[in-house]
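Down below is the structure, laid out as structure tokens.
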Amino acid sequence: MTTTERVALSAIFNGRPAEPSRMITGERMAAVDANAAALGVPQKQLMESSGHAVARAIREIADPGARIVIVAGRGNNGGDAFVAARFLDAYDVTTLLLGRAELIGTDIARENWDALEQADYDTREVTDSSALTPDSSAFDLSEADVIVDAMLGTGISGDLREPAATAAAAINDTDATVLAVDVPSGFDADGGDHASNGVEADHVVTFHDTKPGLDDLDAELTVADIGIPAAAERFAGPGDVTLARPQSRDGRVFVIGGGPYTGAPALAAQAALRAGVELSFVAAPESVAGEIQSYAEDLIVQPYGSDRLSPDQADDLAETAERHDDIVVLGPGLGTADETLEATRQFLASYTGAAVVDADALSVVPEIDTEATLVCTPNRRELARMGGPDTDSLRDAVDEIEAFAADLGHVVLAKGVDDVITDGDRTRICRSGTPGMKVGGTGDLLAGIVAALLEETDPLEAATAGAYVSGIAGERLADSDALGVLASEMLDEIPAALWGETDA
Ligand SMILES: NC(=O)C1=CN([C@@H]2O[C@H](COP(=O)(O)OP(=O)(O)OC[C@H]3O[C@@H](n4cnc5c(N)ncnc54)[C@H](O)[C@@H]3O)[C@@H](O)[C@H]2O)[C@@H](O)CC1
Ligand SMILES: [K+]
């Protein structure tokens, strides 16, 4: 079947006009799901939609009265199928759970299992997967017209382990039509690989968007709309934080800043430490190194012999950052002296690693060809000076900012009341924060947080999560009408904003 036919088929199932769907990884899907929950659409509601979509697909391929066997795992993929069973009263349905019901892994899947039991549906726990093999008399899978594969969804990677492996072999052995829920069990929705011992499906009903690699399988694919609001993808939320949250204390941030100003590099470097990096370095002129160090004993300040950054230091700094695989923050407090701007040009021309570019260093980015991976963090004024739109409301200028980022070839995090984060293709808006955060130093904080998150994830995700976390750090300090927040106070709130409950 061609992609166009698949899209057309999915339109029939969804009852909406065919439109080419985008691709989403399983990991990002979980983030969008968490964002939806924070917007008031809880996952149990999405599970209900998913189950309903599976039932609709079954009605397309099997006549009433047909024998349907659901083989479910103990995760949410199984939960979707428990829901589907309730929509299939016109069929002869048996739901098999691989394992014991007490071990169902999530509340929402368990609640849907309990509902089946209490409503007297035909449910069975399979504690010994050999019960499913063809020579077993315990359960005859071969009687099924349709087998629903709801063992494993987007929560897995690698070859199937037992009992799923035996069950998959038994399913593949039958002549029944196999319909997979979300992905065929064994399919890695992040990498697009299919385990060699995975389920071979004839139909796949996947949710929200197709997943990488699904289109290449020899199966009929339906993409079902399950009612996730577009805002769950568009607006930064707690799911974005989960994606970018550091899992271990790791990595080094290298702030190149200071000269005319000293607070800015110190704030950026401290924010990176608060956001999980192991070491935070500041390369700064000798004349101000002591002052920067005096703000925080946690920083490692590396002085160079001049009053301000100049081309003499550029190659050395790029070489040092690359040797240690540092994430660079370029710009805080550097000033706009000609020789400093020349030094930032030279640095970016030779540097090939990752960097957050902020403040005075931003103006050179449009003129420079660089192999570095950059996240540029302009405020309104800096964005206009770089050649982007000049606007009061970044949100109204989203399309222009997106086009600007596409042209620039780097991720842009434009800072305003609502931040706009874009790589020129994918674009997000961040609404967290308080009016009081319109104070000196919060931009430096954000640069440091994004740098730390770049250790963990890709530039767009790091910038999105960084913007959200910085806003939550501000919200934690003050009611939205309190205008006295200080960036230095926000530092202490970063860990809770990043690792605490962010969806309250
Ligand atoms: N994310 C979303 O937006 C939604 C997800 N839903 C469903 O939830 C599913 C994801 O659910 P879960 O995250 O609970 O994960 P799964 O239901 O995919 O299962 C995860 C379980 O598989 C086990 N596992 C991992 N690797 C394995 C391997 N190689 N062999 C055997 N077992 C393995 C893990 O221990 C874990 O218990 C989706 O595929 C979809 O069906 C839907 O309910 C609706 C919304
Ligand atoms: K599945």
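Just so you know, glycine gets a Cβ as well, placed from its N, Cα and C.
Taken from TrEMBL, the feature domain 'YjeF N-terminal' covers 29-234. Residues or ranges marked as (6S)-NADPHX binding site in TrEMBL: 76-80, 153-159, D182, A264, G333, D444. Residues or ranges marked as K(+) binding site by TrEMBL: N77, D149, S185. The domain 'YjeF C-terminal' annotation in TrEMBL covers 234-501. Taken from TrEMBL, the feature AMP binding site applies to G443.
Feature map: TrEMBL annotations on the structure.
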| residue | record | DSSP (3 states) |
| --- | --- | --- |
| N76 | (6S)-NADPHX binding site | helix |
| D149 | K(+) binding site | strand |
| I156 | (6S)-NADPHX binding site | coil |
| D182 | (6S)-NADPHX binding site | coil |
| G333 | (6S)-NADPHX binding site | coil |
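D80 ((6S)-NADPHX binding site) sits 14 Å from S185 (K(+) binding site), counting Cα to Cα. Within the set of binding-site residues N76, G158, D182, G333, G443, the entry lying nearest in space to D149 (K(+) binding site) is D182 (CA atoms). Screening the binding-site residues N77, D80, D149, T154, G158 for a C-beta under 6 A from any atom of ligand 2 leaves N77, D149. When secondary structure is read from DSSP and collapsed to three states, G443 (AMP binding site) falls in the helix class.
Using a 10 angstroms CA-CA radius around N77 (K(+) binding site), the binding-site residues that qualify from T154, G158, D182, G333 are T154, D182.
Summarised as a single figure, the pLDDT of the domain 'YjeF C-terminal' (234-501) averages 96. If you take the Cα of N76 ((6S)-NADPHX binding site) and the Cα of S185 (K(+) binding site), they are about 13 angstrom apart, rounded to a whole number. Cα to Cα, I156 ((6S)-NADPHX binding site) and the residue listed as 'AMP binding site' are separated by 38 Å.
It is G78 that, of the binding-site residues G78, G443, has its Cβ surrounded by the most other Cβ atoms within 10 Å. When the binding-site residues D149, G158, S185, G333, G443 are checked against ligand 1, G158 have a Cβ within less than 6 Å of one of its atoms.
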